[in-house]
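Taken verbatim from Swiss-Prot:
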type	residues	note
BINDING	His114, His118, His124	Zn(2+) binding site
Amino acid sequence: MSQVILDLQLACENHSGLPDEAQFQRWLDGVIPQFQEASEVTIRLVDEAESHDLNLTYRGKDKPTNVLSFPFEAPPGIEMPLLGDLIICRQVVEQEAQEQDKPLEAHWAHMVVHGSLHLLGYDHIDDDEAEEMESLETEIMLAMGYEDPYIAEKE
């Protein structure tokens with residue numbers, strides 16, 4: 001049994017062709033248990049309008065984005081296994097996969113890995129942080145049987 005509880009929310013209009021719950025569970029299980037014990041993650045799949053609104057509200061960016069991470073911060077003295085929420089925009093993920101000539105499944109997996117690392121406190125604001133985070137993403141993706149998501153940038 002998985003140590004990561006997944007709450008999958010399908011808030012996008014078209015559900016056709018989306019990864020299934022088992023795939024999202026596999027991707028979470030590939031990253032989170034390496035860093036902490038039992039936890040719960042909500043993954044909400046949204047359309048561009050919701051992604052755009054959230055990205056503008058929380059990041060000041062006036063466009064939709066691939067993944068937003070919202071870590072849960074429990075009040076002092078309360079311990080809960082809730083790690084946080086990932087908001088993933090279907091259209092942006094599909095467009096990026098096509099533009100970057102990546103298999104769609106691999107790009108979905110990468111967005112879950114990338115967002116999960118943000119929930120765990122990793123970031124890519126400065127070069128050192130970015131290098132560490134990208135290295136972890138690559139290691140995790142390779143362990144799950146996918147290619148290095150940054151291979152095109154390294155060539």
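Glycine too: its Cβ is placed from the backbone N, Cα and C atoms.
Cβ-based neighbour count (10 Å, all protein chains) for His118 (Zn(2+) binding site) stands at 18.
The Cβ of His114 (Zn(2+) binding site) lies under 8 Å from the Cβ of Val67, Met133, Glu137, each on the same chain and at least six residues away in sequence. The Cβ of His124 (Zn(2+) binding site) lies under 8 Å from the Cβ of Ala130, Met133, Glu134, each of which sits 6+ residues away along the same chain. The record gives His114, His118, His124 for Zn(2+). Within 8 Å of the mean position of their Cβ atoms, the other Cβ atoms in that chain belong to Val67, Ser69, Gly115, Leu117, Tyr122, Asp123, Met133, Glu137.
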